[in-house]
Amino acid sequence: SVVKSEDFTLPAYVDRRDYPLPDVAHVKHLSASQKALKEKEKASWSSLSMDEKVELYRIKFKESFAEMNRRSNEWKTVVGTAMFFIGITALVIMWEKLY
């Protein structure tokens with residue numbers, strides 16, 4: 001089987017708060033329903049339902065600003081790892097003092 005690599009000469013999609021409008025859309029290959037929705041988008045937006053507007057947004061963007069600004073739990077991993085190594089160091093020091 002042949003592995004197809006991505007063409008890195010083309011612009012890539014990225015969610016960033018400091019660069020809010022990426023060069024390309026999040027969804028590159030539209031399904032039939034998404035294509036129909038994109039055609040419906042060309043008409044009046046007042047005829048679109050809220051769910052259709054959200055779906056159009058999700059075609060263009062992966063995350064909203066609220067989702068990008070959401071806190072992560074990465075700090076728990078960092079603190080846990082630091083405490084683990086502090087504990088190992090304490091055990092080594094206690095072992096050295098004992099022997």
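Every residue number used here counts from 1 along the chain in the order it is shown.
Glycine residues also receive a Cβ, built from the backbone N, Cα and C atoms like all the rest.
According to Swiss-Prot, the N6-succinyllysine annotation covers K4, K35, on the basis of similarity to another entry. The annotation N6-acetyllysine is assigned in Swiss-Prot to K4, K28, K35, K42. Sequence annotations record features per position, and here Swiss-Prot assigns phosphoserine to S31, S33. Marked as topological domain 'Mitochondrial matrix' by Swiss-Prot on the basis of similarity to another entry: 1-73. The transmembrane segment annotation in Swiss-Prot covers 74-99.
Structural mapping of features recorded in Swiss-Prot.
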residue	record	CB count, 10 Å
K4	N6-succinyllysine	6
K28	N6-acetyllysine	9
S31	phosphoserine	10
S33	phosphoserine	9
K35	N6-succinyllysine	10
K42	N6-acetyllysine	7
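In this structure the alpha carbons, written CA, of K42 (N6-acetyllysine) and K35 (N6-succinyllysine) are 11 Å apart.
Following the DSSP three-state reduction, the secondary structure of K42 (N6-acetyllysine) is coil. Cα-Cα distance from K28 (N6-acetyllysine) to K35 (N6-succinyllysine): 11 Å (rounded to the nearest whole number). Distance noted between the C-alpha atoms of K4 (N6-succinyllysine) and K35 (N6-succinyllysine) is 25 Å.
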